[in-house]
Amino acid sequence: MDGSILESIGVEIIGVMSPVSICMLLVVLIVYSLTSFSSSSGEPIRTAANLVYLETPTDSTSEKIEGSLLNALVFVILIAAVTFLLVLLYYYNFTNFLKNYMRFSAFFVLGVMGGSIFISIIRQFSIPIDAITCLILLFNFTVVGVLSIFAEGIPIPILLRQVYMVLLGIIVAAWFTNLPEWTTWTLLVALALYDLVAVLAPGGPLKILVELASSRDDELPALVYEARPTVSRNPRGSGFGLLVGGASSESVEVEMTRHNPTDSRNGGDSNETMEETSPLVPSLRDRMRSSSSGSSEFSSTTDRIHQTGTDIIEDEEVDLSALGAILGMGGNESRRGREIIDEEETSRGIKLGLGDFVFYSVLVGRAAMYDLMTVYACYLAIISGLGCTLILLSVFRQALPALPISIALGIMFYFLTRLLMEPFVVGTSTNLMMF
């Protein structure tokens, strides 16, 4: 192997961290700029996150703690119930209903919640625009967003879809920043713990959903951000070809494929591929092998494998024509098999759940309500936690939750900065000990 794993997948990790950073930055700007959007000046808004207890500034600390814990408990129960219902519907193949539900959810978020933020921007900066033009722009923005995310059979640029996925996270996170402070912190802790259990526990709903989607070779019925591979697919090149990951609403996992091709025209050895497959994004080779009998053989032009019983032995090269003969396919079907492999390679990419975008940004948005020093500290903590999660995923090769490490580090750095670092820096600066 040329170089370490960290050096090889650096571009792909940046491809995940960049949209997360953009999402957090824009949420901080919204919190700082749109004072009219904040609910602190009026009555608190009752949402699913504060159904039981509506926090007020006059409440005592014990009442705030007790009420925020009840709110977090009820919200996590609601999330778990909805997730189990999602798994049940997906198990019984209500995929059309789930797709339409997600389309409606995206339309509501972009049109209603995003429209509220858009109107707040107009009021805050006194933008001269009439109501009809505003409605037309908002409607076009919403329709294009829904089509770019869920359109099937329409060639949508991946960049447009990525932009709208980030915008969905920004809009939802901006609304969550309106929650009271105690409710926000307890909710973040509760969701991180729930994510840990839901993804890793044997009967966890997200674990069941991931395994079910993997067994069906289907996309997860969830809103996920997809970072397509940006490295070159030149067959003469070497190095990491793909860093593939899958995500549920609050989980990520990776799959890494390393290619070391050679020039077949010189009569040299065939290409060698070292592949480790993620349970969430199984390779085409695994799906073909599982669909055929135990004695069937499968390979591509870059592989030299022969399956005997349960052992995989590298002994000879089998090209696509041999694959067609093995599976009973003609020449056209063999060419189609090559196209399927190419399509699979280009469709794989890192996927990160939209819930991770939202709650990372909620933490940073809450920090922005205090001062910029806590914002910097929380941002670095979240990005460090995300990097640690990706490293752990590359080591353990299984689905792991993306929230716990980042949320734990973010909350710890927030309170350490607010209680220790900020008084120290302010004290030394006011006494001219530090400039």
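Residue positions begin at 1 at the first shown residue.
Backbone N, Cα and C atoms are what each Cβ position is placed from, and that goes for glycine too.
Unlike curated entries, TrEMBL annotations are predicted automatically.
Annotated features, as they stand in TrEMBL:
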| type | residues | note |
| --- | --- | --- |
| TRANSMEM | 12-34 | transmembrane segment |
| TRANSMEM | 69-92 | transmembrane segment |
| TRANSMEM | 104-123 | transmembrane segment |
| TRANSMEM | 129-151 | transmembrane segment |
| TRANSMEM | 158-176 | transmembrane segment |
| TRANSMEM | 182-201 | transmembrane segment |
| REGION | 256-304 | region 'Disordered' |
| COMPBIAS | 290-300 | compositional bias 'Low complexity' |
| TRANSMEM | 376-396 | transmembrane segment |
| TRANSMEM | 402-421 | transmembrane segment |
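With pairs at least 6 apart in sequence, the transmembrane segment (12-34) and the transmembrane segment (182-201) have fewer than 3 Cβ pairs within the 8 Å limit; the two do not touch. 12-34 is the stretch from 12-34, 69-92, 158-176 with the greatest number of Cβ pairs below 8 Å to the transmembrane segment (376-396). With a cut-off of 8 Å between Cβ atoms, the residues of this chain six or more beyond the transmembrane segment (12-34) that come close are 117, 120-121, 124, 162, 165-166, 169-170, 173-174, 177, 225, 227, 229-231, 240, 243, 350, 352, 356-357, 360-362, 364-365, 368-369, 375, 379, 382-383, 386-387, 390.
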